[in-house]
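What TrEMBL says about this protein:
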type: DOMAIN; residues: 28-93; note: domain 'ATPase F1/V1/A1 complex alpha/beta subunit N-terminal'
type: DOMAIN; residues: 150-186; note: domain 'ATPase F1/V1/A1 complex alpha/beta subunit nucleotide-binding'
């Protein structure tokens, strides 16, 4: 009897996931390219939705990127394999967020803020939306220490400072990644 308890617990969790407590779930009515058209769900722009099979199994998440008449347009965060007209769409009522705090130090995250280092979930109490307000540049600390890159032309003509933000913009195939590799190899740091 006790050996069956984990199975019962898993079944209950799966069933609870399908209930959406007070929120109506929508259904996929059309799939055009990589865009899902969903009917019957009340969501707002930028909200994250879960895409679940009928049995409650989570397929993936998607973001609301627009509306067309009475349909919500969603952009999935992953592959479209497994999606169907039976896929349930549940709005989570929040934008995409990532955990922040001391437990995040030394961890490796994927593009959605999920751990990808095999060390389990991240125990953080605070989550910050990825579409957050940029910090006020006038409140940042002053750049006082130069940061040698090991690339003499950059160090001589466009000296960088520790803590400075820098953008490298150029067409495809002209060496942005090569330059970043040169910076990584030439930088004297831990």
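Glycine is no exception: its Cβ is also placed from the backbone N, Cα and C atoms.
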Intrachain neighbours beyond the domain 'ATPase F1/V1/A1 complex alpha/beta subunit nucleotide-binding' (150-186), with Cβ under 8 angstroms and 6 or more residues off its ends: 140-141, 143-144
Three-state composition of the domain 'ATPase F1/V1/A1 complex alpha/beta subunit N-terminal' (28-93), taking helix and strand from DSSP: 0 helix, 39 strand, 27 coil
